[in-house]
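A short write-up of the structure that comes next.
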Amino acid sequence: MQTLKVELGERSYPIHIGEGLLDQPELLAPHIVGRQVAIVSNTTVAPLYLERLTQTLAGYNVLPIVLPDGEAFKNWETLQTIFDGLLTARHDRRTTVIALGGGVIGDMAGFAAACYQRGVNFIQIPTTLLSQVDSSVGGKTGINHPLGKNMVGAFYQPSVVLIDTTSLNTLPERELSAGLAEVIKYGLICDEPFLTWLEEHVDALRGLDQAALTVAIERSCAAKALVVGADERESGVRATLNLGHTFGHAIETHMGYGVWLHGEAVAAGTVMALEMSSRLGWISTQERDRGIRLFQRAGLPVVPPQEMTEDNFLEHMAIDKKVIDGRLRLVLLRQIGEAVITDDYPQEVLQATLVADYRALVDQLRG
């Protein structure tokens with residue numbers, strides 16, 4: 001087992017990474033404040049791991065709250081289901097809410113914990129690669145609004161993140177690839193040697209090689225923990241973790257939540273960010289193509305939806321948390337391993353990026 005730490009003063013917390021951690025109550029007990037525990041999961045993950053976690057928590061009063069699965073249910077109505085469960089079972093301020101699932105479950109359970117009786121204890125047990133390397137670390141919680149993704153939420157840190165890498169053995173191939181999008185992101189924004197390592201090990205990762213997965217998760221979490229420790233509330237450097245997300249969130253919102261997985265939209269959105277960085281002269285076309293090829297090898301889409309127009313993108317991108325005083329800030333690459341957030345770009349370069357022929361670009365790479 002490896003343990004990392006997110007350094008946030010009195011609110012610092014560990015990230016435990018290893019095999020079989022779901023069966024180790026000693027990793028959870030120090031972070032549970034009372035006898036009441038609510039496990040929030042979904043209809044896909046609960047049949048696989050809920051009973052196992054409940055056995056690990058023997059001696060606690062465990063309340064299972066099982067939600068429907070999917071991004072389409074990351075909304076007020078589903079959030080209300082969590083509150084209904086907690087109130088019906090008379091859970092008090094000493095309850096602990098545990099998120100057992102992927103990013104949607106983590107975001108909603110965390111937001112519920114932040115709101116319930118003005119804040120109760122919260123633990124993250126992510127079961128998808130995307131949630132293990134990204135959404136479970138850093139305290140971002142929330143739900144979607146019909147007009148924009150993650151527009152309603154709170155920063156609320158967990159007391160511990162428990163990553164059992166064997167949970168990935170039950171992850172569908174499409175979900176695994178979606179998680180790799182966020183892993184590749186770290187190499188692009190802050191760790192060029194890691195990007196090289198990913199190019200050498202992407203096939204092993206897709207083959208669920210435990211050693212390779214552990215390295216990828218550790219390096220991703222270490223990168224995110226460092227950034228979160230320096231900028232918890234995303235006022236500066238933390239925003240660079242959103243490479244590709246402004247374009248990607250526009251795709252998710254326009255296509256309908258859940259039609260494109262988050263990681264799939266991030267991959268296509270990152271290709272657009274690479275293209276814009278190239279058009280600005282910050283990275284070479286060879287560096288752009290390096291990123292595109294790796295996303296392809298990871299089994300991810302690299303072409304945005306053909307039906308989305310420039311106006312579609314601009315409409316959704318105008319409702320983005322990085323918009324300040326009406327000016328859209330974008331995360332772009334100065335070079336591989338160095339990301340910046342900026343609103344200092346010619347509007348015509350953004351427009352050219354939005355209307356670029358990405359299918360022709362990808363076909364050219366095949367040739």
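Note that Cβ sites are derived from N, Cα and C of the backbone, with glycine treated the same way.
Under the heading NAD(+) binding site, Swiss-Prot lists 69-74, 103-107, 127-128, Lys140, Lys149. Look at Asp69 (NAD(+) binding site): DSSP puts it in coil.
For His245 (Zn(2+) binding site), the same-chain residues lying six or more positions away in sequence with a CB closer than 8 A to its CB are Val266, Gly269, Val331. According to Swiss-Prot, the feature Zn(2+) binding site maps to Glu182, His245, His262, an assignment based on sequence analysis.
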Determine, for the Zn(2+) site, the additional residues of the same chain whose CB lies within 8 Å of the mean position of the CB atoms of Glu182, His245, His262; present them in sequence order. Leu130, Asp134, Ala181, Lys185, Gly244, Gly248, Gly263, Ala265, Val266
If you measure from the C-alpha of His262 (Zn(2+) binding site), which of the binding-site residues Asp69, Phe73, Ile105, Asp107 fall inside 10 Å? none
Given the binding-site residues Lys149, His262, which one has the fewest other C-beta atoms within 10 angstroms of its C-beta? Lys149
Distance [Cα-Cα, Å, rounded] between Gly103 (NAD(+) binding site) and Glu182 (Zn(2+) binding site): 12
What whole-number Å value do you get for the CA-CA distance of Lys149 (NAD(+) binding site) and Glu182 (Zn(2+) binding site)? 17
Glu182 (Zn(2+) binding site) versus Thr128 (NAD(+) binding site) - Cα distance in angstrom: 12
